[in-house]
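Here is what Swiss-Prot records for this protein:
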SIGNAL    1-26  signal peptide
DISULFID  76-87  disulfide bond
DISULFID  127-135  disulfide bond
DISULFID  137-157  disulfide bond
DISULFID  206-220  disulfide bond
DISULFID  208-215  disulfide bond
LIPID     212  O-palmitoleoyl serine
DISULFID  278-309  disulfide bond
DISULFID  294-304  disulfide bond
CARBOHYD  295  N-linked glycosylation site
DISULFID  308-348  disulfide bond
DISULFID  324-339  disulfide bond
DISULFID  326-336  disulfide bond
DISULFID  331-332  disulfide bond
């Protein structure tokens, strides 16, 4: 065996080890399930010392982060609603998603990005609503400024997104910064991409002042867009996520396929291909798709052919209540009747045997 081959084997060893024992458990995700701040700081498993320190110093911020977990997990489930893996959460698991994120996959990349974005959004919103002692509206947005429409005065309450990003970086990244392996670097990259996504949709809103609606004076402020905007953007980044490998000195990434562009700070990155999520696999954290509702007429990921992995589907007829015969009444209401509707619901069949293998 020549020296170059030996070097290749030596180089691959730490990368393999880093994937076997990844730093995946973002235990702060579990904060939605705990109560008071002191109990939260002392009982969330897996928090590193820096996170516990911030937790004790800023209990009101921790409450905002905990409440925000429900918002970003709901957004994750919305984005994956038509896919085999649907961002299912496990209430009794301290990392919230079970073993599914042990793999350094596209799904892991998205979850780390959307969770980091959710922390920025929750903290920034709490600042603007006066719920936090440590921050308020953006103090830099004062005085007079100009844009394409002319001069305006900063007024109202501009969202203090810089504070939200700063705190989120200190808290969310703390555990990853203690690690030096490939997975920690992947998580840090995707965390940053999530934070940047929220700031990307910061928008200027203005109000006109003057006689008869004229705009002789404008007052403007900066406001975050609805979190769905961030979710939709990160979903596009998920679909265009770039597979990477560690560079030779272990300090960064290079693309796994040289035909693809180098990832930017806005892109999501991953190391490993995703499982197919067709069957229940405890080791992989997959719940499988047996019993999932599928769309018989769709040609997308929610189609019965794709969702059910070629296993077929069962059809049942169900009765549900819907709104019907809606009429507009002056002014200003729409009134509807409740009607019963009979519909066919298609659900994926279970595998025929434990050793069944998906054809897709």
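Glycine too: its Cβ is placed from the backbone N, Cα and C atoms.
Locations of recorded Swiss-Prot features on the structure.
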{"residue": "87", "record": "disulfide bond", "DSSP (3 states)": "coil"}
{"residue": "127", "record": "disulfide bond", "DSSP (3 states)": "helix"}
{"residue": "135", "record": "disulfide bond", "DSSP (3 states)": "coil"}
{"residue": "157", "record": "disulfide bond", "DSSP (3 states)": "coil"}
{"residue": "294", "record": "disulfide bond", "DSSP (3 states)": "strand"}
{"residue": "309", "record": "disulfide bond", "DSSP (3 states)": "coil"}
{"residue": "336", "record": "disulfide bond", "DSSP (3 states)": "strand"}
{"residue": "348", "record": "disulfide bond", "DSSP (3 states)": "strand"}
**Message:** At a 10 Å cut-off from the C-beta of the residue listed as 'O-palmitoleoyl serine', count the other C-beta atoms across all protein chains.
**Reply:** 4
**Nearest of the recorded positions (87, 127, 220, 295, 309) to residue 324 (disulfide bond) - Cα to Cα** = 295
**Request:** Have a look around residue 295 (N-linked glycosylation site) and count the other CB atoms within 10 A of its CB, chains all included.
**Result:** 16
**Message:** Check the DSSP secondary structure of residue 326 (disulfide bond), expressed as helix, strand or coil.
**Reply:** strand
**Message:** Looking at the disulfide-bonded residues listed here (87, 208, 326, 336, 339), whose Cα lies nearest to that of residue 295 (N-linked glycosylation site)?
**Reply:** 87
**Asked** So which one is it: of the disulfide-bonded residues 215, 304, 309, which has the fewest other Cβ atoms within 10 Å?
**Response** 215
**Message:** I'd like to know which of the disulfide-bonded residues 87, 157, 336, 339 has the most other Cβ atoms within 10 Å of its Cβ.
**Reply:** 87
**Cβ-based isolation winner (fewest other Cβ atoms within 10 Å) among the disulfide-bonded residues 206, 220, 278, 308, 326** = 326
**Asked** How big is the gap, in Å, between the Cα of residue 76 (disulfide bond) and that of residue 348 (disulfide bond), rounded to a whole number?
**Response** 22
**By Cα-Cα distance, the member of recorded positions 157, 212, 278, 326 nearest residue 294 (disulfide bond)** = 278
**Fill in**
Looking at the disulfide-bonded residues 76, 324, the one with the fewest other Cβ atoms inside 10 Å is 324
**Message:** Using a 10 Å radius around each Cβ and all protein chains in view, which of these disulfide-bonded residues has the most neighbours: 208, 294, 331, 332?
**Reply:** 294
**Request:** Work out how many Å separate residue 157 (disulfide bond) and residue 220 (disulfide bond) at their Cα atoms, rounded off.
**Result:** 9
**Message:** Using Cβ atoms only, which residues of the same chain lie under 8 Å from residue 127 (disulfide bond) while being at least 6 residues apart in sequence?
**Reply:** 135, 136, 137, 159, 160, 163, 164
